[in-house]
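Pulled from TrEMBL, these are the features on record:
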- 15-36: transmembrane segment (TRANSMEM)
- 42-61: transmembrane segment (TRANSMEM)
- 95-114: transmembrane segment (TRANSMEM)
- 105-537: domain 'TRAP C4-dicarboxylate transport system permease DctM subunit' (DOMAIN)
- 121-143: transmembrane segment (TRANSMEM)
- 163-188: transmembrane segment (TRANSMEM)
- 293-310: transmembrane segment (TRANSMEM)
- 331-350: transmembrane segment (TRANSMEM)
- 356-372: transmembrane segment (TRANSMEM)
- 428-449: transmembrane segment (TRANSMEM)
- 512-532: transmembrane segment (TRANSMEM)
- 544-563: transmembrane segment (TRANSMEM)
- 595-614: transmembrane segment (TRANSMEM)
Amino acid sequence: MKSLLDKYGPIRGRFLFLLLVSMSAYHLYSAGFGLLPTEIHHAIHLTFALVAVYIAFPLMGRPSWIDWAMAFLAGGVSGYIALFHDVIAQRGAMVQPYEIVLGVLMIVTVLEAGRRVAGRVLPFLGILFLIYALWGRYAPGVFMHRGFSLNRVIQQMYLTTEGIYGVAVGVSATYVFVFILFGSFLAAGGGVRLFNDLSMALAGSAPGGPAKVAVLASALLGTISGSSVGNVATTGAMTIPMMKRVGYEGRFAGAVEACASTGGQLMPPIMGAGAFVMTQFLGIPYLEIAKAAILPALLYYGAVLSNVHFRAKKKDLAGVDREEIPNTGDVLLRDGHLLLPIVVIIVMLFKNYTPLAAAFWGTVTVVLSASIRSHTRMSLGEILDAMADGAYNALSVAVACGVVGIVVGVATLTALGMTVSVNIMDLAGGSLFLTLVVAMVACLVMGMGLPTTANYIVTSTVIAPALMKLGVLPLAAHMFVFYFGIMADITPPVCLASFTAAGIAKSDPLRTGFTATSIGVVAYILPFAFVYDPIFLLRGEGVGFLPVFAVAVLGVIGMASAIQGWAIDNIGTCSRVVSFLAGLVAFYPDDRARYVAASVILVVWGINGFKLFLKRDILAS
């Protein structure tokens with residue numbers, strides 16, 4: 001509570017603290033003892049979020065009566081759905097005149113709340129879609145439609161589960177919130193310290209150790225946090241100064257942290273709640289999605305670690321001093337019990353319990369396991385603070401999903417998804433590769449202004465159908481848009497994770513972004529690879545994936561060595577170009593081409609190793 005009191009003052013701070021704790025208490029109770037009817041649950045979730053946003057994010061620097069009035073208004077118009085859902089459902093299509101007014105006010109409050117927490121891009125997108133729904137008859141070409149009346153649009157947005165209270169808010173209310181809350185409890189119990197210390201113990205002494213610590217710690221935290229920017233701010237405050245201290249340039253240190261933090265959402269088991277959203281959209285078990293994500297995630301982090309290692313060898317960078325590195329056994333003895341909640345979640349998910357139940361019992365296990373040791377034991381005040389922090393961290397996602405509900409609602413009402421799919425295919429001339437390129441650009445552009453979960457919901461609604469129409473497996477199509485939505489966080493010109501890391505590293509933001517793009521380049525290749533060859537998503541029998549994976553690992557190493565200019569020793573421009581191209585071909589969906597590429601990479605390393613041997617032999621003689 002103290003942090004809220006310091007930031008917001010005694011009255012507003014206490015009110016906000018009580019509101020946030022109540023929000024978390026409601027969601028914990030719902031997760032553990034059963035949800036209310038869908039529409040009511042979604043409405044309660046968004047009502048809490050809207051009121052909290054107007055109190056926590058004032059219009060000006062200081063809160064005014066306008067903010068309190070907007071909070072009251074948002075609570076009233078959103079709470080109306082929760083209170084009178086049964087009456088609305090019984091009336092069916094009959095809409096009362098005052099409900100049109102309430103619906104307009106609801107849209108205004110959601111858009112303004114979205115502007116306060118997510119910037120202008122997302123609300124602008126919502127307004128653009130509303131204009132399209134109302135005046136579609138003026139849209140150009142194939143985008144033209146007859147247009148819908150204000151009453152029909154308001155009904156879709158406000159009084160059904162296909163608008164503001166639809167699947168996007170449902171994802172936030174049912175999956176995202178409880179996992180953010182779990183992460184907050186784990187952090188309060190000492191989980192961040194455990195991840196950092198364990199990563200330091202495992203990799204700190206290696207060449208360029210701090211960068212490898214950043215990769216491991218950020219991967220561990222990122223899979224739970226679901227926020228690239230938040231992850232950078234949490235782990236980067238420790239790892240970026242350490243990287244700079246051993247000799248990494250600020251630009252490179254920031255880029256490594258941005259890549260590592262962003263990739264956490266690609267790493268099972270939790271994938272920043274993305275896997276659970278995909279489960280709902282595709283109607284397949286969580287286990288299938290987690291399994292499909294394993295190889296791409298390993299290849300991504302293999303690429304980041306390879307870049308870090310080769311950079312360290314090229315620059316002759318040492319690891320952290322031995323006296324600064326904790327002993328692995330001591331770390332596990334002191335804080336290892338905090339791994340138990342993660343084990344509980346993984347086991348429950350693999351036993352086909354719902355994500356909601358897994359998150360609930362994982363959170364309960366955090367409190368119980370933290371109680372084992374006095375230094376991690378949480379007092380009542382710390383538990384309440386964790387509840388408030390978790391709810392506060394979830395506000396931006398909840399409100400963003402409310403705005404995304406407008407986008408999805410209009411897309412459903414106007415069949416825009418079908419229209420966009422047809423146009424993407426026409427633009428690409430029916431070519432799968434060109435369609436994928438267009439889809440990639442669209443996902444990256446939309447990802448620049450949307451939180452990851454919100455971006456995935458939009459792109460899976462509007463873009464993924466185009467890929468599936470060309471025969472792409474539904475899982476591969478959804479993973480494709482999911483990947484590129486996430487990679488927007490490190491892709492210039494608007495790369496929020498890279499910009500955040502650059503702020504900590506005191507480096508040029510755009511140069512940091514371009515460096516992050518080069519380090520994480522494999523993430524721009526993998527989606528194409530698993531679309532053309534689903535074996536990368538483990539869609540096959542037995543261990544047939546192993547040769548493909550082994551060659552892909554060599555491809556990752558080849559590209560990383562080309563980017564950093566090191567393969568056993570420094571390599572020239574020609575070898576770098578050959579190595580990078582061979583790395584690309586290693587992902588080509590043809591076995592002969594793959595094996596030739598792997599051989600080329602091995603030859604480059606062999607030749608360079610032989611040159612180094614001769615050089616040393618000459619120097620020795």
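From the backbone N, Cα and C atoms, a Cβ is placed for every residue, glycine too.
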Mean predicted confidence [pLDDT] for the domain 'TRAP C4-dicarboxylate transport system permease DctM subunit' (105-537): 86
Recorded stretches the transmembrane segment (15-36) and the transmembrane segment (356-372) touching, at least 3 CB pairs under 8 Å: yes
Top partner of the transmembrane segment (121-143) among 293-310, 331-350, 356-372, 428-449, 544-563 - counted as Cβ pairs under 8 Å: 428-449
Leading contact stretch, 163-188, 293-310, 356-372 vs the transmembrane segment (512-532) - CB distance under 8 Å: 293-310
The transmembrane segment (42-61) in contact with the transmembrane segment (163-188), cutoff 8 A, at least 3 CB pairs, sep 6+: yes
The transmembrane segment (331-350) in contact with the transmembrane segment (544-563), cutoff 8 A, at least 3 CB pairs, sep 6+: no
Interface present between the transmembrane segment (544-563) and the transmembrane segment (293-310) (three or more C-beta pairs under 8 A): yes
